[in-house]
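Asker: Input: one structure, supplied below.
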Amino acid sequence: MKRLKRTADLRALVADWRREGLRVGLVPTMGNLHEGHLALAEYLAPHCDRLVTSIFVNPLQFGPNEDYESYPRTFGEDCAGLEARGVDAVFAPPVEEMYRGGVRQATRVEVGALAERLCGISRPGHFTGVATVVVKLFNLVQPDVAVFGRKDYQQLRVIEQVVSDLNIPVEVRGMPTVREPDGLAMSSRNGYLTQQERHIAPGLYRTLQGMAKRIRAGDDDYRRLEARGRAMLAEQGFQPDYLEVCRADDLTPAAPGDRGLVVAGAAWLGRARLIDNIELELNRDQ
């Protein structure tokens, strides 16, 4: 497995693969990899001939009071896990390689309304940072296919919109959320949880499951369900950020009669901000 830090070296490697007619896949990450990240590589491997994973803690997607400086860097362990999954190259550039004119002066990719709801409210500018770095990676790797986890549903929809709006020739795949045995969605930030908080943490998913069960049973008073769910989270010890039943396509508030839904939630538990979702496809005619 090759380890690359310079964009020129990455471009040269991909150009060699292209000359051989090989199909290239990309798994973008920020490192500190867990089994969910490694599962992304395993998921994508059958869909390409060569697989690149990027490891880059992107300062542009962190707010001023967020955990950019303290975000764990575990490059050696990450590379060992990726190599064991058959990844062909790891691209881990320093910040100055990705933002040569400095982060503040960097050109940005603004997404619009889709990025201004849910996580976009409490993390203003976050999805601008995500969209910008992903477009840069797409330009550098020019992958045929890339994969993102469905746990970060809003991020997946943002990337899908960017690819569509900017006519980027890449197939975007969303991989189902990888969970711990007790249902907690795997996340790098789970490492911030204390032992007691870790015991509480699966309550976010259980709350979403309860809401989804009611919706499948025909309850379409979504605002009441949201209020009840937020109260349940608070009772368990969470500090809810949002808990909403949304249209799956544009993440606007769902209304009775909508069929494609996502029940999405974010909540603080100690130092960890946890997010999760459940996607629903309803058939109200039954």
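Glycine is treated like the rest: Cβ placed from N, Cα and C.
The annotation ATP binding site is assigned in Swiss-Prot to 30-37, 149-152, Val178, 186-189 on the grounds of sequence analysis. Under the heading active site, proton donor, Swiss-Prot lists His37, citing sequence analysis as support. What Swiss-Prot records for Gln61 is beta-alanine binding site. Taken from Swiss-Prot, the feature (R)-pantoate binding site applies to Gln61, Gln155, supported by sequence analysis.
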Asker: Given the binding-site residues Leu33, Arg150, Gln155, Val178, Ser188, which one's Cα is the least distant from that of Gln61 (beta-alanine binding site)?
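Answerer: Given the candidates Leu33, Arg150, Gln155, Val178, Ser188, the nearest one is Gln155.
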Asker: Please report how many Å separate the Cα atom of Leu33 (ATP binding site) from that of Gln155 ((R)-pantoate binding site), as a whole number.
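Answerer: Between the Cα atoms of Leu33 (ATP binding site) and Gln155 ((R)-pantoate binding site), the distance comes to 18 Å.
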Asker: Would you find the one among the recorded positions His37, Arg150 whose Cβ has the most company, meaning other Cβ atoms within 10 Å?
Answerer: His37
Asker: Can you give me the Cα-Cα distance between Arg150 (ATP binding site) and the residue listed as 'active site, proton donor' in Å, rounded to a whole number?
Answerer: 12
Asker: From the Cα of Gln155 ((R)-pantoate binding site) across to the Cα of Val178 (ATP binding site), what is the distance in angstrom?
Answerer: 16
Asker: How many whole Å apart are the CA atoms of Met30 (ATP binding site) and His37 (active site, proton donor)?
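Answerer: That separation, Cα to Cα, works out to 10 Å.
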Asker: Please report the Cα separation of Gly36 (ATP binding site) and Gln155 ((R)-pantoate binding site) in Å, rounded to an integer.
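Answerer: Checking the Cα atoms of Gly36 (ATP binding site) and Gln155 ((R)-pantoate binding site) gives a distance of 16 Å.
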Asker: What residue among the binding-site residues Met30, Leu33, Val178 has the most other CB atoms lying within 10 A of its CB?
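Answerer: Of the binding-site residues Met30, Leu33, Val178, the highest Cβ count within 10 Å belongs to Leu33.
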Asker: Excluding near sequence neighbours, so keeping only residues 6 or more apart in the same chain, what lies with its CB under 8 A of Gln155 ((R)-pantoate binding site)?
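Answerer: Set apart from Gln155 ((R)-pantoate binding site) by at least 6 residues yet with Cβ under 8 Å, we have Phe127, Val130, Phe148.
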Asker: Who sits close to Ser188 (ATP binding site): which same-chain residues at least 6 apart have their Cβ under 8 Å from its Cβ?
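Answerer: Listed in sequence order, they are Met30, Asn32, Leu33, His34, Tyr71, Pro72.
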